[in-house]
Amino acid sequence: MTERTLVLVKPDGVQRRLIGEVISRIERKGLDVVALELRTVPRELAEQHYAEHDGKPFFGDLLEFITSGQVLAAVVEGPRAIAAFRQLAGGTDPVEKATPGTIRGDFGLETQYNLVHGSDSPESAAREIKLWFPNL
Ligand code: IDP
C-alpha cells in the first residue's frame, strides 16, 4: 500500500549541507520524492506544524529554531513511507535513541537539533502535507 509522508530537513540540516545526504538516503531506500521546496517558515506555519507540542517546555525554542533559517520540505511516497522514513531518521534523541546508520544517529548530537522531521502517523501525514503543500 502506497503512502505519503511529510519530510523536513530542518535549518541545522540545511546549514550543514545535508540536503543531498537526506534525499540520497530516501532514494536509496526506494522511496519517491513527489514534491520538494526550500522555504523560509513563517511563525504561524511553525505553530500549526508543531501544535501538538504547544505548552511543552521546549515549544518556544522549537519554534525559534524551525523559523531560524531555510527548511527543505518534501513529500515522500512509497510502501509504508511513514514508517520507512522514521526508520531512516532514527529516534528523536540523536545519541540516546537514534542508532548509527540513521540520519540522526550519524549526524546529530542534540535532541533539538536533530536534522529532520518525518510524519509519525497517517493522520499526521495527511494534516502536515495539507499544511505545507495545500495544492498537492
Ligand atoms: P520526532 O521529531 O522524532 O517526531 P517529537 O517528539 O514529535 O519528535 O518532537 C518534535 C521535535 O521537537 C523533535 O524532533 C525535536 O527537534 C524537538 N524536541 C522534542 N523533544 C525535545 C526536548 O526534550 N528538548 C528539546 N527539543 C525537543
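Each Cβ is built from the backbone N, Cα and C atoms, and glycine gets one as well.
These numbers come from a predicted model, not from an experiment.
Taken from TrEMBL, the feature active site, pros-phosphohistidine intermediate applies to His117. The ATP binding site annotation in TrEMBL covers Lys10, Phe58, Arg86, Thr92, Arg104, Asn114. TrEMBL lists 2-136 with the feature domain 'Nucleoside diphosphate kinase-like'.
Residue pair Thr92 (ATP binding site) / His117 (active site, pros-phosphohistidine intermediate) shows a Cα separation of 9 Å.
Each of the binding-site residues Thr92, Asn114 was assessed for Cβ neighbours inside 10 Å, and the highest tally belongs to Asn114.
When every Cα pair among Lys10, Phe58, Arg86, Thr92, Arg104, Asn114 is compared, the largest distance found for this ATP site is 21 Å. Within the set of binding-site residues Lys10, Arg86, Thr92, Arg104, Asn114, Thr92, Asn114 have a CB atom less than 6 Å from some atom of ligand 1. Summarised by DSSP class, the composition of the domain 'Nucleoside diphosphate kinase-like' (2-136) is 59 helix, 32 strand, 44 coil. There are 21 other CB atoms within 10 A of the CB of His117 (active site, pros-phosphohistidine intermediate), with all protein chains counted. Note on Lys10 (ATP binding site): other Cβ atoms within 10 Å of its Cβ, all shown chains, come to 23. The Cβ of Phe58 (ATP binding site) has 12 neighbouring Cβ atoms from other residues within 10 Å, across all protein chains displayed. Here the CA atom of the residue listed as 'active site, pros-phosphohistidine intermediate' lies 8 Å from the CA atom of Arg86 (ATP binding site).
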